[in-house]
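Peer 1: Could you have a look at this structure, given as structure tokens, before my questions?
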Amino acid sequence: MKIKKFLALGLGLIFSHAIAQNTLLERNFWENKPQLETVKAEIKKGNNPAEANPANFDATTLAILQNAPIEVIKYLIDLEGNGITKSTHDSRTYLHWAAFKGNAELTEWLLKKGASVQHTDSRGNTPLAYATLGGLKDTKIYDLFLNHGVNIRQKYKDGAEIFHYAISNDDENLTITNYFLSKGVPLEVKDNLGRNIADYASKGQNLNLLKKLIEKGIKPSSEALLFAARGSKKWQEVTPFFNFLINDLKISINTTDAEGNNALHYALSGRGINDDMVQFFIEQGTSYEQANQEGDTPLMKAIQRNKTDLVQLMLSKGVGKINATNKKGISALGFGVQYASPELVETLIKKGADINTTDQKGNHLGLYLVESYNKRDKNALESIISKIKILTDKGVDLTKPQEDGNTLAHLVVQKQEPKLLAVMKPYIKDINAKNNEGLTALHLSAMISKDLEMIKLLLENGSDKSLKTSLDETAYDLAIENEILGKNKSELEFLK
């Protein structure tokens, strides 16, 4: 391949129709707690027990997560293609999942088979660290890991120890605290950033636990508020906790961590956002324009999560820097075009957002418009059409190439979403335009496409297959070199 830098674009894992139909990858199959003979029967039918779904959850992982019978899980692990070292979703091994589920029997079995206690997932967590962050309370599982060589004082992210991770799972009787104290871990232990046990405990939003720790002489620092903002309990349950931190302990509502994040950054970053908690911080005066080290503000995060009501609340209280950008040069409007509703995009423009904004790479809003497409959203195309009207009515020139010369045609090809081409076609002046690498949209499609749909669609819309790259290659030449398309050269004859 002469031009290799584009091969990574669009080349993800390919999952066949057979995988999609694999009974062993259906969550509801495992919810029924199938017995071993049932599982064996499904395998005999041709369902592959070693295959994984697009998120890299395989049958064994699903079985563990759904608490399948232990003999079934052991059987699956011992099958060819699985094994104790197999990497699954987020690079986690079966030991990660077993400990996370609090399955002491399976954890012990895996440890005896030699499963690594130090293998880290894609987020840097060992099995014990991952399980502890996930809410592990069973001290028997802690003992299992300690008995297999884990150092209870091992350092993790920012110098935190397992005790730091575990404390938010503790109860008012300090069961977990007393366990770690019995193992020789001092109550005063801090991470590399000076955060103590009371700070980490605040993530659990348990006021009685926090007061017990204070009674023992461990007073939370200002970062307790930031840990608490990551909690997930219902707002009605935790209002007293936040009032205690702010009113009794006098922790500043605008406290920030070493990376410049305030409570709103954290409150808007979890899987599920507690709107009431976010509103509380806004009303209390937490800055939604505070930029962290990456330049991201809570306002940007709220827009990314398409939290219209919360964004409207922020805007109603005044925004001094509506056109502020993060380190990548992305503005609130850029995030809005990619992630938010058309209505929110229009609101941002009315509030003074610059429609001519470009990021650090010189990309204008056209890129973010294409990136906004999500095929899982049945209203995605309708939303894009609405955003196009809003932007073009305000004077945005979507026909203008990006700084790297990519037109909307190139961007649609990179996105690998054929449906987008028809929507963007009115704003593609020249479908044969070359980008700064000397590639037309057809060239690019020949290089990265996984099937012929996009290529044929481009040809139907006027792409010239005779044009050559700066290295004298035609679309046919590039398609032949495509690792996927090149396997069936006879099907590429139409490109000659």
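Even glycines carry a Cβ here, placed using N, Cα and C.
Fair warning: this is a prediction, and the values are worked out from it, not measured in the lab.
OK, TrEMBL features for this one:
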| type | residues | note |
| --- | --- | --- |
| SIGNAL | 1-20 | signal peptide |
| REPEAT | 90-122 | repeat 'ANK' |
| REPEAT | 123-157 | repeat 'ANK' |
| REPEAT | 158-192 | repeat 'ANK' |
| REPEAT | 259-293 | repeat 'ANK' |
| REPEAT | 294-319 | repeat 'ANK' |
| REPEAT | 328-360 | repeat 'ANK' |
| REPEAT | 437-470 | repeat 'ANK' |
Peer 1: Residues sitting near the repeat 'ANK' (123-157): Cβ under 8 Å, six or more positions beyond its termini, same chain?
Peer 2: 90, 92-93, 95-96, 98-100, 102, 104, 107-108, 111, 115-117, 163, 165-166, 169, 175-176, 179-180, 183-185
Peer 1: Using DSSP, how many residues in the repeat 'ANK' (437-470) fall into helix, strand and coil?
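Peer 2: Helix, strand and coil residues of the repeat 'ANK' (437-470) number 16 helix, 0 strand, 18 coil.
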Peer 1: List the helix, strand and coil residue totals of the repeat 'ANK' (259-293) as derived from DSSP.
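Peer 2: The breakdown for the repeat 'ANK' (259-293) reads 15 helix, 0 strand, 20 coil.
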